[in-house]
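What follows is a set of notes on a single structure, which appears directly below.
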């Protein structure tokens with residue numbers, strides 16, 4: 001197998017990164033994709049940065065062992081904690097996530113932008129640096145959203161409990177004048193409809209999965225790594241948590257999944 005026929009590896013703390021995988025599949029229909037849900041260590045957002053870094057390196061090594069020609073860190077928290085060390089260790093392109101503050105600032109007329117993200121992302125030096133670089137004239141309201149990741153992991157995208165959680169953590173930024181909301185966690189696009197219901201039609205909602213997918217395509221093209229196959233690509237899925245639990249969530253978020261493989265023990269265990 002030549003280098004450009006190898007698969008692309010994608011991972012997240014759970015199933016949230018499927019929102020990014022969906023965008024990758026849309027722009028790279030012929031590529032084979034590997035996806036790891038690190039559900040045995042979910043959520044990343046409330047864990048120490050050192051722990052997340054070790055998990056990201058471990059999952060990255062697994063993807064490389066499966067022949068990945070590039071790795072997408074489809075998790076804002078893991079990007080903030082681990083992208084630098086991953087790029088230093090791995091000799092393949094490593095693409096990360098960051099909240100879409102730059103497009104949000106361009107869209108905002110009230111000059112108030114809300115960022116909905118995990119505690120780990122909002123407390124990271126990477127996020128503070130991003131705010132400092134892009135929001136000189138804009139007020140940024142950083143709002144952690146505990147419970148959102150867990151609801152998405154359960155495949156619970158519309159129950160009264162989920163609606164209440166979404167309202168609880170969306171309204172504070174709106175009450176302070178935000179006219180643009182940034183979804184700073186890859187789980188949150190699965191709640192975008194509920195967020196829009198709370199925010200109303202005049203509030204912009206910014207997510208970055210499509211931008212990351214386009215960046216990945218450009219990088220693969222520049223490095224000569226795009227597949228030459230014309231057949232549709234396939235997806236393979238692993239989970240470090242109970243595979244049957246991940247399978248139920250995947251059935252809701254990625255219809256057509258037939259199998260979720262357990263991550264091998266050497267990669268699934270904590271560090």
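Glycine is no exception: its Cβ is also placed from the backbone N, Cα and C atoms.
The substrate binding site annotation in Swiss-Prot covers 12, 13, 44, 45, 76, 77, 186, 187. Residues or ranges marked as active site, proton donor/acceptor by Swiss-Prot on the basis of sequence analysis: 75, 185.
Cβ neighbour count for residue 44 (substrate binding site): 28 (other Cβ atoms within 10 Å of its Cβ, all protein chains included). Straight-line distance linking the Cα atoms of residue 12 (substrate binding site) and residue 185 (active site, proton donor/acceptor), rounded to a whole number, equals 10 Å. When secondary structure is read from DSSP and collapsed to three states, residue 77 (substrate binding site) falls in the helix class. The full span of the recorded substrate binding residues, 12, 13, 44, 45, 76, 77, 186, 187, taken as their largest Cα to Cα distance, is 12 Å. Listed in sequence order, 11, 12, 13, 16, 17, 44, 97, 185, 186 are the same-chain residues six or more apart from residue 75 (active site, proton donor/acceptor) with CB atoms under 8 A from its CB.
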